[in-house]
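Quick notes on the structure that follows.
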Amino acid sequence: MTLLFLIPFAGALITAVMPARPKLWAFGFAIATLVAGLVTMFTAPDTNLIWMEPLGVHWALEMDGFGKLMVMLTVVLVPLVMVAAVKDHDKRWYAWALALEAFALLTFLAADLFVFYIAFEATLIPAYFMIGQHGGPNRAKAALKFLMFQLGGGLVLLGALIGFFVVSSEAGSPSYLISDLAQLDIGTTAQRWIFVAMFIAFAVKAPLFPVHTWLADTTEQATTPTSVLLVCVLDKIGTFGMIRLCLGLVPEASAWATPVVIVLALISIVYGAVLAIGQDDLLRLIGLTSLSHFGLITLGIFAATREGLVGSILYMVNHGVATAAMFLLAGFLITRKGTASISSMRGLEKATPVLAGTFLVAGLATAGLPGLSQFVSEIMVLISAFDYHWLVGVIAVTAIVLAAIYVLWAYQRIFTGPTEQPRPVTDLNRRELGVVVPLLAALLFFGFVPGPLISAAQPVVAPLVDVIQAGE
Amino acid sequence: MFESPGISYATLWPVLLVLGVACAGVMVEAFAPRAARFNAQVGLAVVGLAAALAGTVAIGSGASLGASTGEGALIVDGPGVFSQGLVLLVSLGGVALFAERRLDNGVSVFAGQAAALPGTPAERTASQRGLEHTEVYPLMMFAVGGMMLFCISGDLLMLFVALEVLSLPLYLLTGLARRRRLLSQEAALKYFLLGAFSSGFFLYGLALVYGFAGSMSLAEIGAVAEEGSSPLLLLGIGLMAVGLLFKTGAVPFHSWTPDVYQGAPTPVTAWMSAATKIAAFAAMLRLFYVAFGAEGDIWRPAIGVVAVLTMLLGASFAIVQSDVKRMLGYSAVAHTGFLLTGLLGVQDDAFGSTQAVLFYLTAYGFATLGAFAIVSLVRGPNGEVGSLDRWAGLGRTNPWVAATFAVFLLSMAGLPLTAGFIGKWGVFAAALGAGQWPVVGIAIVSSIIAVFFYVRVIMLMFFNDAREDAATVATPSYATSGVIALSAVATVALGVIPGPVLSLLVDAGGFIG
């Protein structure tokens, strides 16, 4: 299982120093990681070695159903994104992308909190350079803002990490294994503090209102392949951490904080969607829709019913796929028009029918159209919201209406209308289609056959819900 | 009756060797011809330090560890020997940086003739003749000897003597810069005046403590203090703390730090910032745990307040600096705050304060040595370029140098996979374990502030375009590049596999009286 981390990591180093055809090497390593990911899913045994004995740190990796879904999402997206990025990114970007993949995979595999934390923080450096080295004119500022928010969250998480160490050494010999930590009997006050620290970190990561402000700036300035990796892979670590660590390790404190979290989630849902409607910059628009979606995911997690949690886990996968398609299509559109401003585009439907069609499908998936995969997860989350409280459900449902508005209105402004173009615009070429079609196919497939995803998520969710309901 | 004290030379010879090398260095200055001095001095220093380092390793792994010698004036215990070794390691790097002569047309960074007034014909003649002060090596050896004694001092007088022995050469070395001599001399004078003042405080406190306990020995003071306290003792603790806090650059005794860091020749800054901090914290840990352990309830809150102020002020002032050496100076102040946070914990058999602080010092020592070594490479037509604006774009013109500097900065910022992270984790864990959560909370806030100015430099180097008068990177000799490379390797290695060093520290145990 360590290989799954080592292959992309070694790939990053090799890509960085390879003088000839570095991008091809990087792509090769991404494919190798994809294969390794598939193989490990079925065969590899868990890893558990002692790493830093005095601190109780183990190099422990394991993969449950939840981990499998996130690993799959990551290893599939990275090669696709690399194909999309080939024209306007140099080899540094490819090396950083592999490094990012390596550490992101490590967070999803970590069975030791310390390892999780190290990987959690280590993803930021590649992300920082990816934003800072490629993108819009203000990218350096955006990269700094991104990093400051994330590192701030990370240092708060460090507080929780140390808190666990203190509790764990008082209980006997220190151990950071998540399975050991789950058995600790943590006092109510300590548990709440730990929860708050973890939640702040994951809320910054996810992001959630009010610590979301880095998101739109980052997606605006970064190139779309970077944004895909950030929003579709990296941000999932936030919601992943909420389930794995907040609910898993401090369930009582999670139940205690649920009302506040739900309010924040609702604000994110509505506020993100409303802001998205008002955006003129297409990339900011997509970034802000994610704020709304992460609100829904968080809502499903903290409603803490079986449907809600399964729905949220599915949502993380589906959102990853749908938003990746949205970002990449937006990127293709922007390279054609030379601007991300919606108001300077119109009537592209005739010139680029394929681009328009795929954009509409991806957009409708985002808006939760039945038959496309995001619908399944959205319904499950909404059911859990109504279970929690009818008012919460009612507010959350507005997300669907607002989503339809921002998707369709954006489509209308960009693609419909008079067709005169200042310069000829070409439709998607084969490379671009090769990137988008698999994503759309996945959206359709899992829209009709969500079974495999649900059955992967079920066993992870069951014990969490049991613990929480036992607590109530 | 007066009995001569029994001295265990088997455990003290590394210190004596270093001091002996210093004396031999003075002899070389007096009798060797000018042309031969440089090689002789560098050779002596390197051999002496290396042999002493080997000696401390042997003593550290030997059976005689934990013995007190010289009637309890010196205590050779695990943490003491560890910090001695660390001082020696950093000093070996320091000698390599001192001996660098390729950066500035074949002369070292030290003034040709310190006695010549800046801007006078005498100064010009000295630099035309290519003179340089090779006295810096014996001076450094004296300071290293003092630091090593400081790490193992078991009584108050020895502590004071060691403090003076290590301080005086530092004042001199600060004033010996070849370029920008006025700045350098001003820094030296400030350092000397404030340092002398703080020594006075220390001595006064020492006398009060002696008056309370009737003994110079730290262990006996600890024993007496356990039976009861008195205002005399508390006042003594406070005044002694002033002396030590000054040396480590804690707020409100920090004001010399940025000036001296900026004014001193960069190799001196590199070595001094690492080595002094190691020695001072080793002594401070011993003093507070062994002698004043019983008064923990009194000094912990006070040190906690100092730590909070130091972290916040150091980190905030570092943000507004435009000179890289001053920025690193204020960052050193912030690190003192983090180290003081670690001091708030308790001695523990497993992973306690002692281990945390010493690991932090190891991590910080390598990072700061390497960072200042790189600062000495970044130059313009008039010597080193401190102005951060002119560092812009360095990541494009010199990616390797900039990347290595970034590694040191990230370690200081405490990012995972660098030594600094384990160090930061350790001191926070030590303090939190002792229930000092408010201080840890502020430490986390300060870390966030501190991250900002480290990352901003990285942004400047990698994402900004170079200006017309951008600094260039001079090609150093193997000495400097070796120091940089080894520091970088150590910084990453201690971040990825800190296990061996942590185990070594746990085995070294706590300070004994």
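The backbone N, Cα and C atoms fix where each Cβ goes, glycine too.
Since the structure is predicted, the reported quantities are computational estimates derived from the model, not experimental observations.
Under the heading transmembrane segment, TrEMBL lists B:12-32 (among others).
What TrEMBL lists as transmembrane segment is B:44-69 (among others).
The feature transmembrane segment is assigned by TrEMBL to B:81-99 (among others). Away from its own ends, the transmembrane segment (B:81-99) comes close to residues 14-15, 18, 38, 42, 45-46, 49-50, 52-53, 56-57, 59-60, 65, 108-110, 136-137, 140, 144, 147-148, 151-152, 266-268, 270-271, 274-275, 278-279, 281-282, 358, 361-362, 365, 369, 372-373, 376, 479-480, 482-483, 486-487, 504-505, 508 of its chain (Cβ-Cβ under 8 Å, at least six residues beyond either end).
What TrEMBL records for B:134-150 (among others) is transmembrane segment. Listed as Cβ neighbours of the transmembrane segment (B:134-150) (distance under 8 Å, sequence separation of 6 or more from its ends, same chain) are residues 14-15, 18-19, 21-23, 25-26, 28-29, 37-38, 41-42, 44-45, 48-49, 52, 74, 84, 87-88, 91, 94-95, 98, 110, 158-159, 161-170, 172-173, 176, 271, 275-276, 278-280, 282-283.
Feature annotation from TrEMBL assigns domain 'NADH:quinone oxidoreductase/Mrp antiporter transmembrane' to B:153-449.
TrEMBL lists B:189-212 (among others) with the feature transmembrane segment.
The annotation transmembrane segment is assigned in TrEMBL to B:232-256 (among others). Note on the transmembrane segment (B:232-256): residues 163, 167, 187, 190-191, 194-195, 198-199, 201-209, 211-213, 225, 276-277, 280-281, 283-284, 287, 292, 295, 298-299, 302-303, 306-307, 309-310, 313-314, 332-333, 336-337, 339-340 of its chain, located 6 or more positions outside it, place their CB under 8 angstroms from a CB of the stretch.
Residues 75, 79-80, 83, 86-87, 90-91, 93-94, 97-98, 140, 143-144, 146-148, 150-151, 153-154, 159, 162-163, 166, 170, 173-174, 176, 209, 218-219, 221-222, 225, 237, 240, 244, 247-249, 260-261, 299, 303, 325, 328, 332, 335-336, 339, 343, 347, 353-354, 357-358, 361, 364-366, 368-369, 371-373, 375-376, 510-513 of the same chain lie 6 or more positions beyond the ends of the transmembrane segment (B:268-292) yet place their CB under 8 Å from a CB of it. Here TrEMBL flags B:268-292 (among others) as transmembrane segment.
For the transmembrane segment (B:298-320), same-chain residues at least 6 beyond its ends with a Cβ under 8 Å from one of its own Cβ atoms are 229, 234, 237-238, 241, 245, 250-252, 254, 258, 288, 292, 327, 330-338, 340-341, 343-344, 434, 436, 438-439, 442-443, 445-447, 449-450, 452-453. The transmembrane segment annotation in TrEMBL covers B:298-320 (among others).
What TrEMBL records for B:358-378 (among others) is transmembrane segment.
Per TrEMBL, transmembrane segment is recorded for B:399-422 (among others).
Per TrEMBL, transmembrane segment is recorded for B:442-463 (among others).
Outside the transmembrane segment (B:475-497) by six or more residues, the chain places 93, 96-97, 99-103, 362-363, 366-367, 369-370, 373-374, 376-377, 404, 407-408, 411, 416-422 with a CB less than 8 A from a CB of the stretch. The annotation transmembrane segment is assigned in TrEMBL to B:475-497 (among others).
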Quickly jot the same-chain residues contacting the transmembrane segment (B:44-69) by Cβ under 8 Å, restricted to those at least six beyond its ends, or write none.
6-8, 10-15, 17-18, 20-21, 24-25, 28, 75-78, 81-82, 84-85, 88-89, 91-92, 95, 137, 140-141, 144, 148, 154, 508-509, 512
State the non-local partners of the transmembrane segment (B:12-32) in its own chain: residues 6+ outside its ends, Cβ under 8 Å from one of its Cβ atoms.
40-41, 44-45, 47-49, 51-53, 55-56, 59, 69, 74, 76, 84, 88, 134-135, 137-139, 141-142, 144-145, 148-149, 152
Could you tell me what the rest of the chain brings near the transmembrane segment (B:442-463), counting residues at least six beyond its ends with Cβ under 8 Å?
307-308, 311-312, 314-316, 318-319, 321, 324, 327, 331, 334, 337-338, 341, 388, 391-396, 402, 405-406, 409-410, 412-414, 424, 427-428, 431
